[in-house]
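One structure is given below, encoded as C-alpha cells.
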Amino acid sequence: MSNTSLPSSFDSHPEFFQETKWQKFTRRIKEEPLIPIGYAATSYALWRAYKSMKAGDSIELNRMFRARIYGHAFTLFAIVAGGIYYGNERRQRKEFEKALQEKSNQQKRDSWLRELEIRDKEDKDWRQRHAAIEAAAKEAEKKG
C-alpha cells in the first residue's frame, strides 16, 4: 500500500492533527534555548560589522567579523550538543509521532471506507428502487 493518504471528506477535522508548526517552533526553542541566542549573537555581530564598515572603522570591523565567527562557532556547538543531549528523546518523539500518524491514517482510512460503504449502499438502494419502478412500468404497460 502506498504512503499517500486516501481522499476523504474528513480531512478538514482538527482531531487528525496533533502539533501545529508554531507549537513545534516554541517547543524546540524551549528545548534548546542556546541556538536562538547564537543566531542573535551572529546577527548582532554582522549588524555591528556593517555599521563599522559604513563608518570606515576597520579595527571594529575586524573585531565584529571575529565576533561573527565566534557566534557561528557557539551556534554550531549548541546545535551539536543539543543533538547529542536530546538525541534519545527525539527518537522517542519520532516513534510517538509515527504511531500517531499511523493511527490518524488508519482512522482516515476507516472513515473513508465507511463513507464508501454508505455511498455503495445508497447506490444499491437507488438501483433497486429504479429496477422496481421499471418493473412496475413494464407491468402497467402489459396491462394497459
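Here the Cβ of each residue, glycine as well, is placed from N, Cα and C on the backbone.
According to Swiss-Prot, the features are:
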COILED    86-142  coiled coil
DOMAIN    6-97  domain 'HIG1'
TRANSMEM  33-50  transmembrane segment
TRANSMEM  69-88  transmembrane segment
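Assigned with DSSP, the residues of the domain 'HIG1' (6-97) fall into helix, strand and coil as follows: 75 helix, 0 strand, 17 coil. Confidence in the domain 'HIG1' (6-97), given as mean pLDDT, stands at 84.
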